[in-house]
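Okay, so here's the structure we're looking at.
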Amino acid sequence: MTKILPRKDVVIVGLGWTGSILAHELTDQGLDVLAIERGPWRDTATDFNIGYAQDELRYSVRRDLFLQPTVETMTVRNDPSQTALPMRDFGSFLPGNGVGGAGVHWNGHTWRFWDSDFQIKTNLTKKYGASRIADLQVEDWGVTGTEMEPYYDRFEYLAGISGKAGNIKGELQEGGNPFEDPRSRDYPNPPMQMTYAPTLFAEVGRSIGLHPFPTPSANMSRAYVNPLGIAMGQCTYCGFCERFGCANYSKSSAQTTILPVLMKKSNFEVRTDSEVLHVDLAPGGKSARGVTYVDTSGQEYFQPADLVLLCAYGLHNARLMMLSGIGKIYDPTSGEGTVGRNYCYQTNAGVQVFFDDKNFNPFIAAGALGQTIDDYNGDAFDHGALDFVGGAGINCIPTNGRPIGTRPTLPGTPKWGSAWKKATVEGYKSTLGYSSQGSSYATRNNYLDLDPTYKDRFGRPLMRMTFDFPDNDIRMSNYLCDRMEEIAKALGGKQYTVSRRKKGWDSVPYQSTHNTGGAIMGTDPRRSAVNTFLQSWDVPNVFVIGASAFPQNAGKNPTGTVGALAFRAADAIRNQYLRNPGAPLVQA
Amino acid sequence: MKKLVFTLVIGALALAIAPAWSADQADQIIRGQYQAVLGDCAGCHTQAGGKPLAGGLPLETPFGALVPPNITPDGETGIGNWSEADFRNMMKSGIGHNGVRLYPAMPYPAYTRMNDSDIADLWAYLTSVEPVSNKVEANQLPFPLNIRLAMLGWNALNFTEASFQPDSSKSAEWNRGAYIVQGSGHCGTCHTPKSFLGADKDSEFLQGASLQGWFAPDITNNAQSGLGKWSEEDLVKYLKTGVNAHSIASGPMAEAIENSTSKMTDPDLKAVAVYLKSLGSDAGNTQPAKPDETRMATGEAVYRDNCSACHGGDGAGAGVLFPSLAGNSIVAQGSSETLARLVLAGSQAVHTADAPTTPAMPSLAWRLKDQEIADVLTYVRASWGNAAAAVSSDDVAAVRKGLTQ
Amino acid sequence: MASDPPTQVVAGGWHFFSAQEAALVEAIVDRIIPADELSMGGKEAGCAVYIDSQLMGAYGASSRLYTQGPFLPGLPTQGYQGEANPAQRYRAGLAAIDAFLKQRDGKTFVELARAEQDAFLTAMEAGKVDLPNGVKGPAFFGLLLQNTMEGFFADPVYGGNKDMVSWRMLGFPGARYDYRDHVSKHNQPYPQPPVSIIGRPEWLGKGA
């Protein structure tokens, strides 16, 4: 029997970055807010205990803090002609779980997308003609860089980002990214102290005319107190960032920037270890009545609420919409339907340069400590004579020297035996790596829907992901690899390798947890699932917050934009939606 | 502060629907609510997440468990049947309604110094809160202490009903501070050593005491073990926010700060600081022997690998997040009980409006053996200008045993 | 629970492997990571102890993975689609190796000379031996290789990497949490010895 619970003003599904931001903003507005989180409560001193947090096997290899596939996975295939099969273990990407979500174990690269990313279709059409993007399904976001700026600013100050501005109100700043859009002020904290590898990478990059700058980092370069009054510590460069919780309060997350204040509010409550099964719609399907969730005992509850915010991981937001009947599921054959449309990813490639005479101490590292070159990212360079659109940031960000996973060796090295061992010892400290993090543009046949065969533990269909790298993106990535080779030659090691991106996306080796789209924002309800305030076109008292809203992905990490969109949605709810609850903020 | 404003608003609402209360009474209730803050009634009589003042969690005393009763005006389970005279009598003498003798876990030996008008205000406030029906079995002491009559003998030996005696040679501020510290604030309940019968040793007033597995430090002005290195401003900041350059509150003091001192007025906090800084002397201080070098070396190794990422290689800590260990008064106590407890069990810092972060020390009980903890504490207590005695593995073992029981 | 401390694995007695299986795994890990001038071998380092313990737990049972059917053959890009969990794959794979070698050479793996062992493993890795009972040589070798490396490079608390041997070999300082004093010392060796989450000898007043 489903138990019916007392009504709440707002129910938030998922208490990660976006759920925490929305909860904080809406409780400040005086609303009674409940967050329902599938995973456990997580707290720095107990869950990321400095006495045993530095455990590569447990947290990086066995992935203790991540979503376990037995709880939810998805099926995958490269194109609609194949039969999708379940990811029995996650590999290519690793969704988060529990309070704080993937923001607990991220690296902390915190970027702003550019106006040219937001107005991409308009911009590319104007510059290169519509035929240039005929094979792609790129869409404008319906917002401008100028509109997004204040929300980026709020997220960066909340999270205490360490970096160097490249452009303040139109004035270029020495040492920052000359390609970025104007920002209203500098980052709240100066850049991290550089380790050897990115320092060398930047020197060499500059020597060949490129413009390296310190990667904006959610690892603290110094102690910081954010606008909520919450204090963070200085990063200690321990090299246990990605896949780990931070044990000393020096990596931004909901835990270190919002929860200490949020959890003390009398109008906020979180229920952990509780999985939302679906959003319940009123008859007619035009408004949500609340959500149904199940706790670990198997008891089902109906939680009535006036406003439902989907703040789970982007992929899970899209699946919850599909399972709840919010909007129509995308069909690539007809091109109709919006939920699941424009699933995109990240098109990465890498270079390793081997030296004899250098010691990079790879274990002295942080998740976002490094240097980036944006000369070939997005709209920073002219594509007129090229056969692709898009680009990539070139990042030298050595995040760790953890030896189960990080043991670079010269090409041709055997995988075992004495020769393997000798090459492993030689390569461990003396290898410099960097990579291109490339844009991922939508196509008609890259999409999400529900799998016809495989079910989750509650008997609900798994989501099905159909994805391969578009030819445009492969051409882009190859171009970037050529540019990275120029840097490798200038670095002058004894040898280098380039790992190029190939067709046939492989779900096994880790690539990136930057899955975007599936519930994209826009101005046309036939081509987007949510409006530019992330409000569902179909069920206006549901907002869908996260990277699910990206119409396509840029050559940058998504969290900064996810945070900015969350603040923007919160402002829209506080200043507009609450004046006329239940009504669409934008008329279709 | 926000919370206080909030409750005052609720109080005002209650007044609006209770025409029996005049404006004068409303003022008295608000004054009484402040007396409840000074006395930290909620600290014992409210359970976390429970209804205000409807009964608390058991207090572990050296003699057994006592459960703070329901003090809402509920007739059956609270103090609804008490008269104001009953209440005044209880606060002054420890003898409650119908002559029931209280155990001195209720700090009437301190409250006895409160003046009549403050007690009357407090009573007015208590009669105004929401009555809650919640039956509390207060007395869970073993025989013979469970016989409340036994308190008759205890009182005869240990207790004298008293009023606060102002010292006319001191400033009004000093006297206000003394009144709060000795009276409603009942600081000595934790910070003054107890005799084997549980009574305050007046000669060692506020010089530090062990209770509930913590060592409540010396809060006199002693330069070695007390607050000698703290300025009055440091002390006010600590009581108001839970954090200052020398320390971050956790454990029972965190509760006292959250419920009580952070809500005191700035002049009262200043008065408390002025008074505390006037107490104690350095006459008896002696320099403990330097620990041997092997222990310092192992202690340093353990410190580097476990502690320095937060507390710094130089013990300087980091602002409001990680307490400095150099010159920290907890580190300087004769007893290492709190230190061992912090390493073994960890602890979360206090939450106040001005310091909302609540950073926590993790438990290192799994990782570190008793000897390793003893060595690292010995190292910390003898480094960066600290000069406290070495810690033995037996000291640590005793605390570990207490925590696992 | 993600908040619980780990359980220390100590050598002595096998929990998953039979004595015969254990001898075979110890022989294999000692060829994957042979003893030489750089380090002790995989057997002495405890790699087999590590694997034995892992197979007894969540990893061996795939209890955190998606294990619902149907089990269909997939493309390599869709990852492992078999029904067998690692514990079952070890049981079948180890039996197949000895059955194959008994039939071919009249000896078990343990009885072969080192060069013969290396040759067999090389052939198995390359898919050049037909193991019985449908065991796929390259896939099972891949599993053995992966788990051996995990044991050798993981924290010693899990039974392998005895005395932090692999960390000393690489110069990885282990479970440290503060390198602030060395960040800007570019190209200079880091001076501190490695530390495990169960400590280092210096904590007990012993030299490294």
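Yeah, the Cβs are placed from backbone N, Cα and C, and that goes for glycine too.
Over in TrEMBL, the protein carries these features:
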BINDING   B:CYS187, B:CYS190, B:HIS191  heme c 2 binding site
BINDING   B:CYS307, B:CYS310, B:HIS311  heme c 3 binding site
DOMAIN    B:27-130  domain 'Cytochrome c'
DOMAIN    B:172-280  domain 'Cytochrome c'
DOMAIN    B:294-384  domain 'Cytochrome c'
SIGNAL    B:1-22  signal peptide
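Rounded to a whole value, the Cα-Cα separation of B:CYS307 (heme c 3 binding site) and B:CYS190 (heme c 2 binding site) is 28 Å. Residue pair B:HIS311 (heme c 3 binding site) / B:CYS187 (heme c 2 binding site) shows a Cα separation of 29 Å. With a threshold of 8 Å between Cβ atoms, none of the binding-site residues B:CYS187, B:CYS190, B:HIS191, B:HIS311 neighbour chain A. The Cβ neighbour count for B:CYS190 (heme c 2 binding site), using a 10 Å radius over every protein chain in view, is 22. Within 10 Å of the Cβ of B:HIS311 (heme c 3 binding site) there are 23 other Cβ atoms, across all protein chains.
Highlighted in sequence order, B:HIS186, B:GLY188, B:THR189, B:THR192, B:LEU206, B:ALA209, B:ALA216, B:ILE219 have their Cβ within 8 Å of the centre of the Cβ atoms of B:CYS187, B:CYS190, B:HIS191, the residues recorded for heme c 2, and are not part of that set. When DSSP labels each residue, the domain 'Cytochrome c' (B:27-130) comes out as 46 helix, 10 strand, 48 coil, counted as helix, strand and coil in that order. Secondary structure at B:CYS307 (heme c 3 binding site), taken from DSSP and collapsed to helix, strand or coil, is coil. Here B:CYS310 (heme c 3 binding site) comes close to B:GLY317, B:ALA318, B:LEU321, B:PHE322: these same-chain residues lie at least six apart in sequence, with C-beta atoms under 8 angstroms from its C-beta. Break the domain 'Cytochrome c' (B:294-384) down by DSSP state and the numbers are 42 helix, 7 strand, 42 coil. Around the Cβ of B:CYS307 (heme c 3 binding site), the number of neighbouring Cβ atoms within 10 Å comes to 24. Each residue of the domain 'Cytochrome c' (B:172-280) gets a DSSP state, and the totals for helix, strand and coil are 50 helix, 11 strand, 48 coil. Here the Cβ of B:CYS187 (heme c 2 binding site) has 22 other Cβ atoms within 10 Å, regardless of which shown protein chain they belong to. Cβ neighbours within 10 Å of B:HIS191 (heme c 2 binding site), excluding its own Cβ and spanning all shown chains: 24.
Mean pLDDT of the predicted structure over the domain 'Cytochrome c' (B:27-130): 88.
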